[in-house]
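**Q** Below is the structure I would like to discuss, written out as structure tokens.
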Amino acid sequence: MNPLIETALIFLGMQSLLALLRPPATGFLPLSLGGSGLLLLLAGLGAWLAGARGTPLDAAAGFYMALLGALYLGVGPYLREYLSHHEPSRARLEAFLLPLFAAAMVGVLLAPPGYAFLFLWEGMALLGYLLMALEGPDGLAGSRAFFLASRLSGAGLFLALILLAHKGLRVGGLEHLVWAGLVLGFGTKAALFPLHAWLPKAHPVAMSPLSALLSGGMVKLGLYGLYRAQDWAGPPPEWVGWLLVALGLAGAVYALARGLAEEDYKGVLAYSSVENLNLLLAALGAYFLLKSPFFLLAFFFQQAAHALFKGLLFLGSGALPVRELSRLGGLHRLLPRTAAWSFLGALAAAGLPPLAGFLFEWYLYQGFLAAPRGAGASSLLVLGVGVVALVGALAAVSYVRLFGLAFLGQPRSTQAMTAREMGGFGQLGLGVLAGLLLGLSLFPTALLSPLKPPLYPVLPLFLALMGLGGGLVYWVRRKPQRVYDPWDCGFHSPDLQGSALTPQMQPHALGYSEQLLRLFPFLELKAHLSREEMLAPPKVRLEVSDWLEVMETRLTRGYTALAHQVQRLQSGSLHLYLLLQFLTLLLVLGVVWR
Amino acid sequence: MVGRKSLDALIRLYALQNVLLALLAFGLAQGEWPLVLAGLVLLLLKGVLIPRYLFWLLERLGVSHEVESYLSIPLSLLLGGVLVGIGLRVGSSFVLEGAQLPEAVPVALSLILLGMLSMASRKKAVTQVMGFLGLENGVFLLALAETHGLPLFIELGVALDAFAAVVLAGVLIFRIRTTFGHIDTARMRDLKG
């Protein structure tokens, strides 16, 4: 194996060992996690750029390894700062488990298909669950959802990989079963549309660095699996491509609309992750169908970009005092640096031109527009252009809303006034990710060169946009100006203290998106008015009802009822249990009855 | 073993079965010492030690030496016959290539099925242990018949395993009796979620 990777894994192991022997050992995290990240980044980029073909580290695995490495590089220093605010006993556990989790993710990339892969895959899911469960009762629903999803994912993968291991069985029709298992297994992890429900529950409750690792790193491994599965199980049947495209595009729109109705800062980010992942799955599906290089470019490029900007945004969310958007506001004064990093992340996530998100959309447009014309079903893919356009617009609204509500305006609660900026290590972690994101945005060819990408001139566009923006600012600044708050009706003037406006007059988190939500019939915003006394001011409670979630609850209820029925079998009688085993044996023997 | 009402007779039958199995192992050994050794251990452990331990157990427990079953004797004999028939019918498809003694495979399967039948239908904990031992003998016979002798260590391991299981079961039965005052597993119904 590559000595760089070996060293990186040793670093991670040492960190876990230190957390056990000399707790809490968080001081070493920048070196161990960040250092291993740097090594992985170098090793992975080397393999990716050289187009390596050998096992275990070929080009595709190298790409994901570089992606994980970049994340670790940012999360390492940040984590030191973050864990110093935790109790020592808990920080110790986290400093022990997190490097193991990081190492398991690297292991998944190196493992051949089979039991080693399943072991590492399940180990990764289990460690993630444990880290999430450390959040205590608040995180219970989220960590449970995560656990259940990883069970579902494991079930699909066990089915697929065990079938693959018995090559003699691969006769007509069985490859469909293998691919169904793969799509279920990896699709659940990559938040494929109807199976995504765990992600917006789980990621917000995890601590911010863990959310960054989950959203930036772990879910990408689901995509890695689906891409890599081509080598394991041969070219996918056509229905896989169509399924991924259809569910991916539908899921992207759904997730963004649902994200607009979300009040939790990290919840919005999680829904945005679902949207990005579903678009990526759609790009992969379209690549399966058409083999068009544009989709492959979009697929790889956006994964790197998403890992960086989502890592940046999630790490930035660690500095927020509360997570509810309707209690944040005005944070750009208290957290100027975090606000700047988050702004950069939000710009990239919204897909604004010079940054990475835009190039992804551009590749998607190119790919869908270049779909073959004619009578074939694949000409339908052109319709994807419309969906991508809708998604781009919704993403922009979503990030305007997120950034505006959290960082601009006036603080909506007293907690929002107590925010404290992160120290040096935290800023270093964010700065690393931001630098990588900017580098990737300005020099995409540096990463994409093995795929020989067609590209618009990135740097001139960047310079032109900067010049245009700078000119606009200069032109506006030159005019004489008067400063007053909007909607203040002129109350604010130099000789009058304060303003007639109160923070409650600002747009509410749900009120802001209410107009847009009317467009989407599957979401309903309900306002409940209640009054405690005759003269008390009415209280408004806003509620989002979502068809999908209603269906989910019903499904859960039905399943629980079914499980209770099965439990009747468990009467407590030892003889009944023995009899059941006996009958099972007879049944199995009956299979060979000739 | 299915049709006897007396536990003493059951244990004696079990001992006889083990002696016969050991003889079979000697017969198949063709002078190779690992198989001879395995047979000797079998003879000593299962033919002598386990039956003696079971007799001692019955004495210490002070329970009646009568087999209590959900099924009457004629019915269990009938069912046993059916199971042996099933074993013989399907047994032939389990014969591997190069099996040493293909004729013994259906017999081994029937033994396993009979062992499970007595585990599922008998009420006393001791009789369930007997059923388990019968099942275990079936597995041993299967291994003997299908392969040219398993590696010595595995053979010994399996034999010791059975012995340890019986000893453990004995200890457990004692605990069951001290806790509940009886060893009737049909009356224990709390093992559920």
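In case you wondered, yes, glycine gets a Cβ from its N, Cα and C as well.
Note: TrEMBL annotation is automatic and uncurated.
Found this in TrEMBL, in case it helps:
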type     : residues  : note
DOMAIN   : A:117-371 : domain 'NADH:quinone oxidoreductase/Mrp antiporter transmembrane'
TRANSMEM : A:6-21    : transmembrane segment
TRANSMEM : A:28-49   : transmembrane segment
TRANSMEM : A:146-165 : transmembrane segment
TRANSMEM : A:177-198 : transmembrane segment
TRANSMEM : A:210-227 : transmembrane segment
TRANSMEM : A:239-257 : transmembrane segment
TRANSMEM : A:277-301 : transmembrane segment
TRANSMEM : A:338-360 : transmembrane segment
TRANSMEM : A:380-408 : transmembrane segment
TRANSMEM : A:428-449 : transmembrane segment
TRANSMEM : A:455-476 : transmembrane segment
TRANSMEM : A:574-593 : transmembrane segment
**Q** Sort out the residues at least 6 away from either end of the transmembrane segment (A:6-21), same chain, that have Cβ-Cβ distances under 8 Å to it, and list them.
**A** 28-29, 31-33, 35-37, 39-40, 43, 69, 92-93, 95-97, 99-100, 102-103, 106
**Q** Thinking of Cβ pairs under 8 Å, which stretch from A:28-49, A:177-198, A:239-257, A:380-408, A:455-476 has the most of them with the transmembrane segment (A:338-360)?
**A** A:380-408
**Q** Is the transmembrane segment (A:146-165) in contact with the transmembrane segment (A:277-301), using at least 3 Cβ pairs under 8 Å (sequence separation of 6 or more) as the test?
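**A** No, since the transmembrane segment (A:277-301) and the transmembrane segment (A:146-165) share fewer than 3 Cβ pairs closer than 8 Å, they do not count as touching.
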**Q** List, by number or range, the same-chain residues at least 6 past the transmembrane segment (A:428-449) whose CB is under 8 A from its CB atoms?
**A** 30, 34, 48-49, 70-71, 73-79, 81, 297, 300-301, 304-305, 308-309, 311-312, 315-316, 337-338, 341, 344-345, 348, 354-356, 359, 422, 455, 458-459, 462
**Q** Which residues of the chain, 6 or more past the ends of the transmembrane segment (A:28-49), have a CB below 8 A from one of its CBs?
**A** 2, 4-5, 7-9, 11-12, 14-15, 18, 57-77, 79-80, 83, 95, 98-99, 102, 106, 425, 428-429, 447, 449-450
**Q** At a threshold of under 8 Å on Cβ distances, which of A:146-165, A:177-198, A:239-257 pairs most often with the transmembrane segment (A:380-408)?
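**A** Ranking A:146-165, A:177-198, A:239-257 by Cβ pairs under 8 Å to the transmembrane segment (A:380-408) puts A:239-257 first.
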**Q** Apart from its near flanks, which chain residues at least 6 from the ends of the transmembrane segment (A:210-227) lie with a Cβ under 8 angstroms of it?
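**A** Residues 60-61, 64, 67-68, 71, 74-75, 98, 101-102, 105, 108-109, 124, 128, 131-132, 153, 157, 182-183, 185-191, 199, 202-204, 244, 266, 269-270, 273, 277, 280-281, 284, 299, 303, 306-308, 310-311, 314-315, 317 contact the transmembrane segment (A:210-227) from elsewhere in the chain.
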